[in-house]
Amino acid sequence: MSRSHTSPSPFGRHAAPDARTVNRVVGDIRHGLPVVVTPASPEQAALVVLAAEGITPQALDALGRLAGAAPRLLVTGRRAMVMGLIPPSSAPDHNSPLALLAGPEAPLDAAAIARLAAPGSEADRPGAQPDAFPWRTADKPVERAAVQVMKAARLLPAAVVAEVPSAAPAEWAAANSLLSVGADQALDYEPALARGLRQVGAARVPLKGAEETRVLAFRPADGGIEHIALVIGQPGADGQPVLTRLHSECFTGDLLGSLRCDCGDQLRGAIEAIAEAGSGVLLYLAQEGRGIGLVNKLRAYELQDMGYDTLDANEQLGFDDDERIYLPAAEILARLGISRVRLMTNNPAKLRALARHGVEVTERVPHVFEASCHARSYLHTKATRSGHLF
Ligand SMILES: Nc1nc2c(ncn2[C@@H]2O[C@H](COP(=O)(O)OP(=O)(O)OP(=O)(O)O)[C@@H](O)[C@H]2O)c(=O)[nH]1
Ligand SMILES: [Zn+2]
């Protein structure tokens, strides 16, 4: 299912304008620049937004002066929960952000923002008690979109925001040389990238033990990092469901041979098993760190060394325990003409997600490897808390 876009630019034949806009905004955010997020409804205020991660006192001052109002901090419900701001039971949607406002006893300065946005022992530090900040639930689309932009930028999911002092926010943004993006565009970014995937490369790459392998690359609509499909043999030629593995990128495990996880063994083991079966497909999905990115995964590892398990570490950072979506996988399978799979996985969420996207999973094929001593507690957590079937 691909969405067609019309573009007035002769260079824009393949471009998805919404994805391009979000991508440019993400670029500015990663540069430490503010952007404007506009609401669909003109009754709501637009926000001028900066990343909380790495914010400087100068940037915070400049934001306040630009907007003519005191900035506030948006953190996710998850982060608010681990800071003890809200009890676990009272968070209706953990992905809804919470707004923290500066109060007379607790100025929202750059140092406070760093402590509130990043996990650590903020409650131990003088002057940084999170409950000194008045807060309210922030579930307006512009507020959720501001946090979504941080996730798309692979930064900590926390944003410093102030209301745009104009009823014409896009014009105000242009007059201040800022990029702007619609809240709906930002919230639909990941699915839009998946819908706009294009195959951009295909080559025969004989692998050790799987010589009849083709490697195909699928580029998302914003020109970002490609997902890769390894097509081994002639999958589906016999009319049978295709032996399939969805593997999420793990730089540390796949490439460096990290012993903290089982990814490297699972990757090579899947290729071996598919070759042995005669044919199948492995999708190598650009979803490092269960979708939070490599840098945030390294932060999660640091937290795990402090005693948190792999799920709690994600939540300490403000993320859900798993931020992946499987629409890209379903889209690639559809492009390959595969609608029925025997899925090699221990993760029931992958079975449910593929079914939701119209892929028939005829069988789950267990995909278990011996754990190193460093990976034992990681795999134990998956089994006891994520419902993994080992
Ligand atoms: N955030 C986070 N990601 C991790 C951690 N350890 C491994 N990962 C990432 O988790 C993903 C592993 O994905 P998969 O191989 O699909 O594993 P899975 O979801 O357990 O599913 P199956 O292996 O199919 O059972 C990779 O993107 C890794 O980078 C961790 O401690 N924290
Ligand atoms: Zn791994």
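Heads up, the Cβ atoms here are built off N, Cα and C, so glycines get one too.
Quick caveat, the model's predicted, so the values are computed rather than measured.
Annotation comment: TrEMBL describes Asp322 as active site, proton acceptor. Summarising the annotation, TrEMBL assigns active site, nucleophile to Arg324. Here TrEMBL flags Arg245, Leu246, His247, Ser248, Glu249, Gln266, Glu288, Gly289, Arg290, Thr310, Thr345, Lys350 as GTP binding site. Here TrEMBL flags Cys250, Cys261, Cys263 as Zn(2+) binding site. Per TrEMBL, the feature domain 'GTP cyclohydrolase II' maps to 202-366.
Here the features listed in TrEMBL are placed on the structure.
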residue : record                       : DSSP (3 states)
Arg245  : GTP binding site             : strand
Cys250  : Zn(2+) binding site          : coil
Cys261  : Zn(2+) binding site          : coil
Arg290  : GTP binding site             : helix
Asp322  : active site, proton acceptor : coil
Thr345  : GTP binding site             : coil
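Counting every protein chain shown, the Cβ of Glu249 (GTP binding site) has 21 other Cβ atoms within 10 Å. Between His247 (GTP binding site) and Cys261 (Zn(2+) binding site), the C-alpha separation comes to 13 Å. Residue with the densest Cβ environment among the binding-site residues Cys250, Cys263: Cys250, by other Cβ atoms within 10 Å. Between the C-alpha atoms of Arg245 (GTP binding site) and Cys263 (Zn(2+) binding site), the distance comes to 12 Å. Taking CA atoms as the reference points, Cys261 (Zn(2+) binding site) and Glu249 (GTP binding site) are 12 Å apart. Summarised as a single figure, the pLDDT of the domain 'GTP cyclohydrolase II' (202-366) averages 96. Sequence-distant contacts of Arg290 (GTP binding site), defined as residues of its own chain at least six apart whose C-beta falls under 8 angstroms from its C-beta, comprise Ser248, Lys297, Asn314, Asp321, Asp322, Glu323, Arg324.
Close to ligand 2, meaning a Cβ under 6 Å from one of its atoms, are these of the binding-site residues Glu249, Cys250, Cys263: Cys250, Cys263.
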